[in-house]
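Going by TrEMBL, these are the annotated features:
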type: DOMAIN; residues: 40-160; note: domain 'TRNA-binding'
type: DOMAIN; residues: 415-493; note: domain 'B5'
type: BINDING; residues: ASP471, ASP477, GLU480, GLU481; note: Mg(2+) binding site
type: DOMAIN; residues: 720-812; note: domain 'FDX-ACB'
Amino acid sequence: MKISKQWLEDFVDLKKVSPALLMEKITMHTVEIEEIINQAEALDHIVVGEITALKDHPDAHSLRLCDVSVGKETLPVVCGGSNLREGMKVAMGMVGAKVRWHGEGELIELKKTNIRGEASLGMICAAEEIGLGNMFKKKDEKEILDMTELTEAQPGTPLAEAFGMDSVVLDVDNKSMTHRPDLWGHYGLARDTAAIFNLELTPYDPPEITPGNAEKMTVDVKEPALCPRYMGVIVDGVEIAPSPDWLKKKLASVGVNPINNIVDITNYVMLELGQPMHAFDASTIADNHIIVRHAKHGETIVTLGGDEYELTKDMLVIADTKRAVAIAGIKGGDDSGVKETSTKIIFEAANFDATSVRRASTSIGLRTDASSRFEKSLDPYTVGLAMRKAIALTLELCPNATVVSNIADVSHVSLHQGPIELDLEYMRSRMGVMVEVSYVVDVLARLGFGVEKKDEATLSVTVPTWRATKDVSIQEDLIEEVARMYGYNNIPVELPRASITPAAVDPLRALTKQVKELLAYEHGYTEVYNYSFTAPEWLEMLGLDPRKNIELDNPIAKDRPLLRRSLLPNMLLNLEANAHRYEAIRLFEVGRTYVTEKKGEYADTKEKDRLPLQDTWLGMVYAEKDIATPFFSASEAVRMLASRLGFEVALEQETPDMSMMHPGRYATIVVGDTPIGYIGELHPQTAEKIGIPYRTAMVHIHLNNLLEGMTEKNAYMPLAQYPSVDRDIAVVVDTDVVDADVRATIRGIDSQIESVTLFDVYAGEHIDEGKKSLAYHIVYRNTKKTLTAEEADALQGKVLAALQKTFGAEIRT
């Protein structure tokens, strides 16, 4: 945003304050100033010129020879402008001026030159060549700036003076004041500047409006929550004409192109007060009746400039009894705008809900100076000041104009202005500086706050309206006001006085990291990251009920409106997308799921604040071509993972409650007596339905429950004093024999059996039908001596005998 120093001086005396000091102080205390622009320097050696003679170039059909009067002399200039004519006022770049050729590249200093044999002592400039492209739009590439209607200045007048662009302009970083709606106009920044320099601020007090009774102005606000205040006044006897030079120069100084007196007045008020305004041609507003309502379904509007927009029912519009005439807070309609023939005007000044304007602006892709201000939650009481100023300027610029209507003012304003109690000791502890009570009172008063001393330690502070719209509401906001005016650069730098202790390790985070490293580095699994959203159609294909999932009100992806209850459905999507490219796929994911329906699974007991339970799970998917029983490979990965983490798991065969799981290959994973998840194979029918060609094993482990089990079970175990003896054994058993039962039987044979690990499952050639082969790695260890080979062989024999007796097992040869 551009702020003119000269404009600020209308309200606070800054003549003794240099631009550099002004920039420094405002940056340190209020908002960041990116640069100081001295407009006169940028337009140095550029003057108003007038073409007195014009003829074709003898050797170039696209060039013209111009005689340009620059006051005391007439200079020859060769120019290729498409709109040249005698008597035309132009921006004449004299020798020594710096311009950008066609508005591009680096600045070039103009010199005397010959073009195709003809002398050219300067340059007739296009707007973009002298940095005015944003103010003056051209119709074609070769059009130069026509100033005939833009200025009454005589030839030879410096262009900066003619356009009133001899100001010192502060370029304000908008991002640094998004929370300060009061700073989006010159008067608001002047108020803060006066407080910074402790200077007197001129009160903003335009003349009161004297209402008329010739016509009746009515306003009907259908959505008071979205339009807290709306004012409308009819002025007749208006003559649309160019604005006087002082007004043109004010606008030009901050980069706004003058249009006509009425439009310029609305822009002037917005730039001065930060309050957008609009002017309607009263002859286009049916019955002088304004309605503030939601748009109708399919309603369209053509805005100023000729662009058409389709509106939705959640957008606020300004309408008469027949159609929408403006998009509230964004832009007016083309057919209801001020025209050269307009004589009767309806001035609008209003306050709109910031969120509503922002949402509508984003939805239709239209951002304007008005919308950028309304998005910040403007002060509704500025509406009246803006209307008074606009009417006063209109009556000044149009001598025959009169207010012919009542002042229609519909207000539903409700602001929380406090009082806020400011604890002085708390403030000092937060600032780290001992500030006197008198200083705090003085600073807040200069900023417009009402301050009363409640007792020696507390102030009672009333917030001014321009700071009460989502800006200052708690004592920390007041502390910020005192601190910024004191100067953050004046607060001594001190090291923190708190003791420095190592950050506590989050057990779940540590477990998650360990699980990821083990699966990726030791088991060859690939980690995937999926969104937390899922599609109802995909859940139905898997035989899951999507109604159990939480549905989002405003999903990021329209085709995935549900929050996931399990990691596995989206992981099966990953598998389906890659199964035809790889012969073996091992995937894992660690992430949160979102569940609400079970008692006690809410993050908060208050109904309105309830959030879904968000626990962390581990999902694993394993599929490999020509592997008939991936279940056992996946279960072995789970056991190895458990072993590396320092605990044991058991698999308890159960019947799954999900139709997508194989009924004969499903088990609950248990640590001690606590179930922590499940493992199973994807049902072949489900696999065929979703296009997965391999048998697929899946694991889902509740890491929160696992962590609790580990916390209870973890204990120090000393390193073994004596070596172990390892043996392998492969036995053939019936296919319905469960691995967990076999391992439990082996472990129960002798206390010298330290561990039993399943490392192979086979069914096929050389194995009878109805049978399968299970191969185990057994570790024997005696805690008091070294086992001999003969003792280990004897233990191995006891194992085989027990398996033969219990399961009818046969040694596989």
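Along the chain as shown, residues are numbered 1 onward.
Just so it is clear, glycine is given a Cβ too, placed from its N, Cα and C backbone atoms.
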Exercise for the section: Restricting to the same chain and to sequence separations of six or more, state which residues have a Cβ under 8 Å from that of ASP471 (Mg(2+) binding site). Expected result: HIS179, ARG180, PRO181, ASP182, SER377, ASP477
Problem - Mg(2+) site shell beyond ASP471, ASP477, GLU480, GLU481, criterion: Cβ within 8 Å of Cβ centroid - result: ARG467, VAL472, GLU476, LEU478, ILE479
Practice task
Provide the three-state DSSP residue tally for the domain 'TRNA-binding' (40-160): helix first, then strand, then coil.
Solution key: 12 helix, 46 strand, 63 coil
Problem - Site of maximum Cβ density within 10 Å, from binding-site residues GLU480, GLU481 - result: GLU481
Completion exercise
ASP477 (Mg(2+) binding site) has its Cβ surrounded, within 10 angstroms, by a count of other Cβ atoms equal to 16
Fill in the blank from the handout: In this predicted model, the domain 'FDX-ACB' (720-812) has a mean pLDDT of 88
